[in-house]
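*Asks:* Pulled from TrEMBL, these are the listed features:
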TRANSMEM  12-30  transmembrane segment
TRANSMEM  42-72  transmembrane segment
TRANSMEM  92-115  transmembrane segment
TRANSMEM  127-149  transmembrane segment
TRANSMEM  198-223  transmembrane segment
TRANSMEM  244-267  transmembrane segment
TRANSMEM  279-306  transmembrane segment
Amino acid sequence: MFVNWVHYTIPKISFVLSLFSNPLFIYLICSNKKVLFGNYRYLLVFFAIFNLFASVADLLIPVSVYCYRYAFVTYVTDGPFSVRSAYGEVPLSYRCAFIAGTYGILNVHFVFRYLTLKRNNIINEYFMPYGLVLSVIYVIVHMIIWSLIDYFCLHSAPEMRNYIRAPFKELYNESIDDINFVAGLFSETSPEIVQRSWAGILLLTLIASYSMTLYFVLGYKIITGLNIESITMSKQTTQMQKQLFKALTIQTIIPICVSFMPCSLSFYGAALRIDFVNWVYWISAIAVSMFPFLDPMAIIFLLPALRRRLVNPLNKDRNSVSAITHQYSETPVGI
């Protein structure tokens, strides 16, 4: 189905930009000899690969959000999985799970940055390959849990289709009976649907909330740790640590704005009967699709060494070195 030109076009543009920005980011990270990222390089590459998968999922399973009274609906708008089928909610749940995957990767990044300051020997001894493999498994488990909650707690039901059939038809001139969706309905329906809808959004909120708590707690500890450790670290290493933390902060702010807040508006707007104008909901779907290309570009432009290399790739000025070249052989502090 067709929502509008903005909703149709921007996710496609985001996909193309993601295909450009993430391989570029991987190249800059892996080929940059002036900045020693150490083991953190592998986490950054993992995040970029995840972004590429998220972009492909958004292209194949484009979604939008619709809210009416006590119901919110996340549905597939077009593509190979848009036509209703017996298992049509499985790919939709998989698509939604990338939200949890983003939270999981950021959790791993914050833990890594914290251990780099406080327990750097653990990073040096165990991260490759055990820490990286564990990080990948952790993100996958995050995604599986989110998709299972979507599939079992927020799956469609005839009562839901009946509830939104008339207003959905009036707005889009499409039949809700032909569309795959997951939804929550919090009143004016059977107790069973109300209970599982509340269970679904509360469990999803729990995943998001514990991640947000981890960001703030470890973020505070990292800031205080940098202030303390800067006494024993070189000026260049301290500067690089601060730059990486600023980049991580921006990486965190982006999904909060394009993922956590839109999801919360959809969930609790319907649950508490708070009506927002319709464009708020479909714009939230567009915003989520933009994260995979915004994320690498934010890091590139926040880290001077990467930014300079992008702007002037032929620059060979060795005075622009951004990290200690003997960091791992002579000091216990890693990036």
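Any Cβ shown, glycine's included, is placed from N, Cα and C.
TrEMBL does not curate its annotations; it predicts them automatically.
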*Asks:* So which of 12-30, 42-72, 198-223, 279-306 is most in touch with the transmembrane segment (92-115), counting Cβ pairs under 8 Å?
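*Replies:* So the stretch in question is 42-72.
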*Asks:* If contact means at least 3 Cβ pairs within less than 8 Å, sequence distance 6 or more, would you call the transmembrane segment (279-306) and the transmembrane segment (127-149) in contact?
*Replies:* no
